[in-house]
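Everything below concerns the one structure shown next.
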Amino acid sequence: MRAARTYAAVASGLLLAIVAAAPAAALDDDDGMWYYTATGMSKLHERTTGKGVQIAVVDTAIWPDAGDLAGASVRVHEPSFCAEKSLGDPLPAAQRTVSAAHGTNMTALLVGTGSGQNGHPGILGVAPDADVWFYSTLVGPDGEQVCHSPSVEAGRFVFGEAIDQAVADGADIISISLSSTVLMDYWAVTRALHEGVVVVVALSDNPDQPYPGSFNGVVTVESLGPDVQVRPGSRPGADVVAPGEAIRHLDDDLSSYRLRNGSSAATAFTAGALALVWSAYPEATGNQIIQTLIRNTDGEDHELYHDPLTGYGVVNVRHMLEHDPTTYPDENPLLDHDPDSIPTYEQVQDLSLLDDPTLRDSPRRETPSAGATTPLPSPTADATATPAPATPVAHDAGSTAPALLAAGGGLLAVGVAAVAVLVFRRRGATATGVSRPGTGGATQAYGSDPTEGGK
């Protein structure tokens, strides 16, 4: 849907944190589907199903043979951007392990077919005919929740490799349910925004994991429950809120289902919702898709507003479909002009302003993929394939690893250029933030983190 892009690959390591959903309770067959039924998805799918829109999911490993993904359009970038040890051989992105639970669930919420496991009803996707390209960036050997870098280049964070590869592969939307303690890969996000890619990320209220949710120009998402309320104790910072509480998920065993809560699911829902709208209005730009997202929240037409907790409001596909986004300005409304924002408005417009001149080129769509890209139904065929020797490898993250929490709530660095990952069980405090439009220029806190509840 967008113009050709230029590609410049870079590699390194970083500290990441997953915005993984925490288990809430076991469920009956019909539980956890309110995000689909209450929003009228079946009716909406009579008009649009996301066809023609490419969504990149940057997450953990994935089990592409899950019944929930049977028949869905899913391509798995092989191998993972993680290695069995620092500077070691890359691990497979497709695998049936606990490390694949989070990534499989995020993908199913986008394009799930509802087939399910062991006779249980499965997960239904918000944009069932969208094309998902999956990039694994947080998986360790034997199910460890760390990501070791297969290659290292000083001063670079390999997480950006996954974003760069997604852009090079033609992503229209990038969905990221991760967060980090460090200023990770802002250059990759900058280039994605420059190319008109819509970057959707989960909100974290943990002050130690503010990125990428605090980056200028991205869409940050908070979780909403079936009572249409943001969970108690939620902090300011979201651009929008979407269904994320009491959502049906495959459990870690990849055989049964549980209810889980968190902005991870809300992020996937929002990415799917935007795919539905973009499919219905293919002439719209990424900027115009963001415009319609924030202008057409809630159930009825209204003046643009911004609330500290709910941002511009509740994501509403029906409302967005009622308005042609091509009538809106071709400008990213979430990209402010504050000179202290990261990235700055000027950097997004002019990549030559990035600090490191080697980071200025945008990924090229025509550049060969940095590894095998395997479509379903046989995505594991090249699971152990390694990238070409000259091709750098990237990293991603997504899984549960409470043991990696340091005493102070920080991340443990594991090995050289390793990525230590946390699964956030509850949103807590706000993170260092950037100013957003609609807030009177005030600085707000952003980050990414999931919730846990007793539902």
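Heads up, the Cβ atoms here are built off N, Cα and C, so glycines get one too.
Because TrEMBL annotations are produced automatically, they should be read as predictions rather than curated entries.
What TrEMBL says about this one:
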ACT_SITE  D59  active site, charge relay system
ACT_SITE  H102  active site, charge relay system
ACT_SITE  S264  active site, charge relay system
COMPBIAS  357-367  compositional bias 'Basic and acidic residues'
DOMAIN    50-301  domain 'Peptidase S8/S53'
SIGNAL    1-26  signal peptide
Task = Express the distance between the Cα positions of S264 (active site, charge relay system) and H102 (active site, charge relay system) as a whole number of Å.
result = 9
Query = What is the separation, in Å, between the Cα atoms of D59 (active site, charge relay system) and H102 (active site, charge relay system)?
reply = 7
Remark   = When pLDDT is averaged across the domain 'Peptidase S8/S53' (50-301), the result is 91
